[in-house]
């Protein structure tokens, strides 16, 4: 069950400071990627200064290659650059210790963070009704009482809203999507398909015709995790950057365009300042983001992007309104949503039943799309709307944790 494979939550600590730039150290249980780092620039650094820095970096690396002895391994250097909303500029790549020391001494650098493995988070009026729902979560979202079998929803059903699913990809040809899913971008391998199944399951809960909350939403696959359900933090951030630009009209859009978009991240890893900063940039751009709280049965403050306050962090509930035993908790959890034994789509035209905060988060993403379709204001403030609509239902939610369970306002 999810976060489907566990990610070990840790807190990054400052390893050293050289001329003000922190080199962060991952905790002892993080699956760090050897010699891979994310370098984050100071917020005030301009595009021109960022370009000058990367030019300096390339020149420095070239000099090192020329001086390198035949026995030492050549590092790949900078591999990706990031710019989210003009407030988060960074790059990632492969660097040796000497190069990292040089980078850390550069005045424009804010901090350097080791790259690590990130994994899936799987352990009204005019109402339409869907009877005998295939997954209990649908009925629970539209009723203030547990045990129902009907999903009540407005026929607008999220039409005109686009949901970006940052995950393992989506089987866009699954019949339950009825042509509303499309491929976006792949940041992890050369297979534009969901070879894991996690992303298709998540997308089905967001917007499947039979299995989804927002049955009219458009879905976009942003693949950042591989067939095993894992990927690098740097690759995930690259996917976040792409989705943000697309949601904002290719980087030249308006807040209105962004307000018609939602994102889901049913994944996570150790607490990451870079990941949280990227998530905040997306929220600041006026885009609603639902994020899985994590499945370690501990405080969500230790996981990213769940620990970023500007996103909507979702814990998992059971069919009898309890806290799922695996679900993370804590003050950073915004709401609970159904997350145990959730049936949704599986690549190849079939279905699967999975558990995890990975399954809870898309209920909130789908609800967000549904509410925008009804005319509610999008963006990060939508999480406050969802919390206001939610009702106290969760028994023993965890220390310092809300007992609010999501509700779509059907009146049932």
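Cβ from N, Cα, C; glycine included.
These numbers come from a predicted model, not from an experiment.
Proximity of residue 167 (active site, charge relay system) to non-local residues of its own chain (separation of 6 or more, Cβ distance below 8 Å) is seen for 120, 198, 199, 202, 203, 221, 222, 223, 224, 225, 264, 265, 266, 267, given in sequence order. The active site, charge relay system feature in Swiss-Prot is assigned to 167 (among others).
According to DSSP, residue 198 (active site, charge relay system) is assigned to a helical segment. Summarising the annotation, Swiss-Prot assigns active site, charge relay system to 198 (among others).
Over all protein chains present, the Cβ of residue 358 (active site, charge relay system) has 36 other Cβ atoms lying within 10 Å. Sequence annotations record features per position, and here Swiss-Prot assigns active site, charge relay system to 358 (among others) based on sequence analysis.
The DSSP breakdown of the domain 'Inhibitor I9' (36-120) into helical (H, G, I), extended (E, B) and coil residues amounts to 29 helix, 33 strand, 23 coil. The domain 'Inhibitor I9' feature in Swiss-Prot is assigned to 36-120.
Here Swiss-Prot flags 135-412 as domain 'Peptidase S8', drawing on sequence analysis.
Sequence annotations record features per position, and here Swiss-Prot assigns N-linked glycosylation site to 123 (among others) based on sequence analysis. DSSP classifies residue 123 (N-linked glycosylation site) as coil under the three-state reduction.
The annotation N-linked glycosylation site is assigned in Swiss-Prot to 126 (among others).
The feature N-linked glycosylation site is assigned by Swiss-Prot to 252 (among others).
Per Swiss-Prot, the feature N-linked glycosylation site maps to 264 (among others); the stated evidence is sequence analysis. Secondary structure from DSSP puts residue 264 (N-linked glycosylation site) in a beta strand.
Its own atom aside, the Cβ of residue 408 (N-linked glycosylation site) has 26 Cβ atoms within 10 angstroms in the protein chains shown. Residue 408 (N-linked glycosylation site) falls outside any helix or strand according to DSSP and counts as coil. As annotated by Swiss-Prot, N-linked glycosylation site applies to 408 (among others), with the evidence given as sequence analysis.
The signal peptide annotation in Swiss-Prot covers 1-20.
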Most Cβ neighbours inside 10 Å, all chains, among the glycosylation sites 123, 264: 264
Inter-residue C-alpha distance, residue 123 (N-linked glycosylation site) and residue 358 (active site, charge relay system) (nearest angstrom): 8
Integer Å distance between the CA atoms belonging to residue 408 (N-linked glycosylation site) and residue 358 (active site, charge relay system): 20
Residue 358 (active site, charge relay system): secondary structure state under DSSP, collapsed to three categories: helix
